[in-house]
Ligand SMILES: Nc1ncnc2c1ncn2[C@@H]1O[C@H](COP(=O)(O)OP(=O)(O)O)[C@@H](O)[C@H]1O
Ligand SMILES: CC(=O)N[C@@H](CCC(=O)OP(=O)(O)O)C(=O)O
């Protein structure tokens, strides 16, 4: 690549840097996209770069595959209903250990190693994510939904130059833990902060019309089309909470929502700073 071409790439980013200067971008980093080390490093670098050009990235992470691996090792069986893990007390203990104790600290260390200052928080810290059981879903046990987000804590950190990294474990009225799908937490955090963008990183090129065909990406999906896609089974499993979270976020005042392929190196940079629209956008209407 010539020096001129390199400069052209930097200049292409200029309008986006200007547009998002001082704006909040919530990034959901899903367990399925946490595969190899170089990809993880690229995600950390993208987040740190966003911070240094004046945006306020806020990270919400998942870790479903790691939780499942740990439950397997301990001989605890696990199951999902519409993408949500059925969570009894023994499962909750492992969910919290893996998400808060392991994955959160790995991401914090990775961001710090790439030159940022990350602060790891579970939903219990500063009552960040107050949660309650999902009505009518008793079968899911300790799975919760977000009742309230302590935005002041997040804003205090971001304004002082820190990058908050949030685990999707909520706190109930009596200090009890709730397992919340990380997509739902990301959507609720983005809405509460009135974020400009919500970016969900996962392990597929976006919402696919045919899950077996990676070229069948739907680049824009309107809110009004979502139920039909879920009812006919095109969107299923782990993609359901993702799309629902985009819908809730848009209704909650978030500017744009994107589901992108975290297996593409520097997918966040491509999404935020270039003209290339990657992944799927869920839009109003
Ligand atoms: N229509 C669809 N398009 C793409 N992926 C889909 C679709 N329906 C279901 N999926 C599944 O959703 C998965 C992503 O959700 P999940 O595994 O929970 O990811 P993450 O850990 O990133 O939250 C994909 O790997 C895919 O198997
Ligand atoms: C209720 C529920 O399903 N909680 C999720 C929390 C982690 C998560 O959401 O991880 P991903 O983003 O990697 O899927 C779970 O137990 O797997």
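Heads up, the Cβ atoms here are built off N, Cα and C, so glycines get one too.
Just so you know, TrEMBL annotations are computer predictions that nobody has curated.
Model, not experiment: these values are computed from the prediction.
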Residue among 150, 179 sharing the substrate site, where TrEMBL lists 63, 64, 85 as binders: 179
Helix, strand or coil at residue 63 (substrate binding site) [DSSP, three-state]: coil
Non-site residues, in chain order, whose CB comes within 8 A of the mean position of the CB atoms of 63, 64, 85, 179 at substrate: 31, 62, 67, 68, 95, 98, 99, 168, 181, 182
Local Cβ density at residue 63 (substrate binding site) - other Cβ atoms counted within 10 Å: 26
Distance from residue 28 (site 'Transition state stabilizer') back to residue 64 (substrate binding site), taken between C-alpha atoms, in Å: 13
Stretch-averaged pLDDT - the domain 'Aspartate/glutamate/uridylate kinase' (23-261): 96
Recorded positions close to ligand 1 - of 28, 64, 85, only those whose C-beta is under 6 Å away: 64
